[in-house]
Amino acid sequence: MSRSNGVIDAWLQRQWYAEAQPPWGLRALSRGFGAAVALRRGYYRRNAKVSLGVPVIVVGNLSVGGTGKTPLVIALVELLRQHGWSPGVVSRGYRGSARAPLEVFCGSDPAEVGDEPLLIRQRTGGPVFVSPRRVEAARAVLAAGADVVVSDDGLQHYALPRDVEIAVVDGVRRYGNGRLLPAGPLREPVERLASVDFVVCNGGEPGPGESVMTLEGRTAVRLADGERRPLAAFAGQRIVAMAGIGHPARFFSHLAALGLNFEPVAWPDHHAYSPDDFRSVPEDTPVLITEKDAVKCRRLDDPRIWYIPVSARLDPAFAPRLLNILERFRHGQTTA
């Protein structure tokens with residue numbers, strides 16, 4: 001993302017999460033966007049969708065920016081495996097250059113496949129395919145042996161059939177000013193949540209009926225050699241913390257809650273890291289980054305860089321509900 005785009009994004013974020021009313025021009029564009037969203041969803045609801053013959057779980061959100069979808073997808077893959085399923089993941093591959101269904105490997109180029117799909121493959125080791133056409137990616141993942149499809153960030157991709165919809169909500173920022181793009185952060189109206197199967201609240205206070213998810217990460221891993229160190233070991237040191245994710249404040253808050261003192265550096269989401277980003281950091285100063293950023297920094301070979309793996313801990317009631325839905329599918333009962 002260019003510097004000018006980063007400035008625009010920061011300005012929009014201020015509009016979306018401020019109490020003041022956004023400018024009239026943004027509100028007018030928002031009404032047009034809302035009409036287009038309604039037409040598109042109506043079209044796909046009226047027209048029959050292709051059946052994939054296996055259950056499809058869609059994980060997404062209403063808001064643009066990071067809400068914690070990727071850790072949840074990883075947790076879902078692990079949960080499904082524990083209960084005898086063979087999950088495969090499909091994604092558009094944000095900012096990736098792939099146009100046809102492309103399998104993601106642990107050594108894939110994030111510029112080609114996207115950083116989230118690459119992280120999912122590295123963490124789970126299971127089949128991950130990316131394509132702007134998720135139905136094609138789903139067929140590819142089924143051919144690779146999957147018997148359940150998990151779609152990363154596919155809530156608004158209505159061409160893809162789905163049996164379970166999971167919407168992730170930022171429990172602190174919630175829905176901002178509650179407006180649709182570009183006047184607000186929403187891709188769809190809040191009322192859309194009434195039709196999903198699960199609303200998962202990441203941090204903050206959950207609303208009625210929402211499942212709770214917390215992200216846990218107390219260990220740092222040196223990018224250059226894999227050395228692991230408790231984050232508490234960095235207490236009292238001079239530290240730089242960098243994040244090029246949708247909501248960097250969450251990462252910084254996590255470090256602060258662990259008692260670390262650091263200089264925060266926020267980059268635009270999906271920032272492409274280069275050695276220049278670290279030139280101003282003193283040679284003896286550790287740099288803490290997110291696990292998602294780490295997939296784009298592996299070629300830098302900089303011993304100062306440490307990343308923090310996080311894992312999603314889910315509400316105890318979540319797994320039985322999800323598995324019950326999938327078991328009905330296994331016994332020939334669709335969830336539609």
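Cβ atoms here come from the backbone N, Cα and C positions, even for glycine.
There are 24 other CB atoms within 10 A of the CB of Lys69 (ATP binding site), with all protein chains counted. Residues or ranges marked as ATP binding site by Swiss-Prot: Ser63, Val64, Gly65, Gly66, Thr67, Gly68, Lys69, Thr70.
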Collapsed DSSP category at Gly66 (ATP binding site): coil
Chain-internal residues near Thr67 (ATP binding site), provided their CB is under 8 angstroms and they sit 6+ positions away: Asn61, Val168, Val169, Asp170, Asn202, Gly246, His247
Near-site residues: ATP, ref Ser63, Val64, Gly65, Gly66, Thr67, Gly68, Lys69, Thr70, CB cutoff 8 A to centroid: Asn61, Val168, Asp170, Gly246, His247
Local Cβ density at Thr70 (ATP binding site) - other Cβ atoms counted within 10 Å: 25
Cβ-Cβ neighbours of Gly68 (ATP binding site) (radius 10 Å): 26
